[in-house]
Amino acid sequence: MIYDNVLEAVGNTPLIRLNRMTGPEDAEILVKFEAVNIGGSVKTRTALNMIETAEKKGLIHKDTIIVEPTSGNQGIGLALIGAVKGYRTVIIMPDSVSEERRKLVRNYGAEVRLVHDAGNIGDCIDECLRTALLMAEEDSNVYVPQQFENEANSAAHREQTGQEILRQAGKPIHGFCSGIGTGGTITGIGEALKAVNPGIEIWAIEPENAAILSGREVGTHLQMGIGDGVIPEILNQKIFDDIVIVTDEEALAAAKELARKEGLMCGISSGTNVAAAVRMAKKLGRGKTVVTVLADTAERYFSTRLFQ
Ligand code: PMP
C-alpha cells in the first residue's frame, strides 16, 4: 500500500506487552509505543486533528500562519504538518526544553521563538501563550490552535488512539494511567476505555515538582511534555480516580529500564508513565491488564540526563 503523503501514515502504532518490568504476581502492562509514530511522538495525532478540524471549520486558509505555545512535541507535530500542507508555522517554546526539540522544529522549516524559563514552568508556558495571542491580535492571518483548550486535541485520542488500544488489546482493560500535559491523552483515551469498561481504574500522574492537581508548588523538572504547571481546560477532571506523583529520578530510571529490559527506547515522560503503571500493576495484580502510553522517542533527549 502506498500512502499519498506522510500524514496518512500517522497513528496505528503498536501495543506492546512489557515482559521484564513486571513480576508473576503483577497485572500485565501494555504500552502504546508512540515513539514510532510519524514525527516521533503521540502529538502528531493531535496536531493533525486540530489543523484538519480548523480547516473543516474554515478557520484557516492558505495564508494562515500557525502559531502555538508548546513544551515541544506539539510544536514538532505542527511543524511537520505545516511542511506537508504548506502553512507557515511559528512555535513558541520555553528555553528549558531540550535543544533537540528546537532543532527538529527548525528542520521541518518552522520558526522557533524561545521564552525564558526562570524557574516556574507554568509562568513560562503562560508567557508563551501571551506571546502567541499578541501575534494573533497583530496579524489576522495568525491562527493559534491552543492545544490546552482545543477539543480536537482530546477528540484525537478518544476517536483514534483509544479505539486503536481497544481493538489491539481485544480484551478488558482494567487500568490506565497517564501524565498530563494538555490532558488530551488522559481525557481522550480515558473516556474511550471507560465507555467500554466503566469499572476501569484511571490514575493521573504528576511530576513531583509540578504536582498542581495535588496542590503542590510548581518548579521545573525533567519530565518534559507533562507537568506544565497549568490545569488545562480540556482536562476531564472526573475521568481519573487517583493522582500519583513520580519523581524525576523514578522517571529517568524507568525510561532507562524500558530501553535495557524491554528494548523500548523512549522519552522521560514515558518513564513517568511506566513508573506509575508498575505501581498500578502491583495493586491490581495477576490476571488484570494495565495500559499506558510511551509518548515519544528517546532521540530528542540526547542532551538530557536520560543519556548521561
Ligand atoms: N509526554 C510527552 C513527551 C509530551 O510531549 C506530551 C504532550 N504534551 C505528553 C506526554 C502529555 O500529553 P497530553 O498533552 O495529551 O496530556
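Any Cβ shown, glycine's included, is placed from N, Cα and C.
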Per TrEMBL: pyridoxal 5'-phosphate is bound by Gly181, Thr182, Gly183, Gly184, Thr185, Ser269, and from Asn37, Asn73, Asn107 the site also lists Asn73
For pyridoxal 5'-phosphate, residues beyond Asn73, Gly181, Thr182, Gly183, Gly184, Thr185, Ser269 with C-beta within 8 angstroms of the site's Cβ centre include exactly Val42, Lys43, Thr46, Gln147, Ser178, Gly179, Ile180, Ile186, Gly225, Ile226, Ala295
Quick note, Gly183 (pyridoxal 5'-phosphate binding site) and Lys43 (N6-(pyridoxal phosphate)lysine): C-alpha atoms separated, nearest Å, by 12
Per DSSP (three-state), Gly184 (pyridoxal 5'-phosphate binding site) is helix
Counting across all protein chains, other CB atoms within 10 angstroms of the CB of Lys43 (N6-(pyridoxal phosphate)lysine) number 30
One should report the C-alpha separation between Gly184 (pyridoxal 5'-phosphate binding site) and Lys43 (N6-(pyridoxal phosphate)lysine), rounded to whole angstrom, as 10
Among Asn73, Gly181, Thr182, Thr185, i.e. the binding-site residues, the one with its Cα nearest that of Lys43 (N6-(pyridoxal phosphate)lysine) is Asn73
Top of the binding-site residues Thr182, Ser269 by count of other CB atoms within 10 A is Ser269
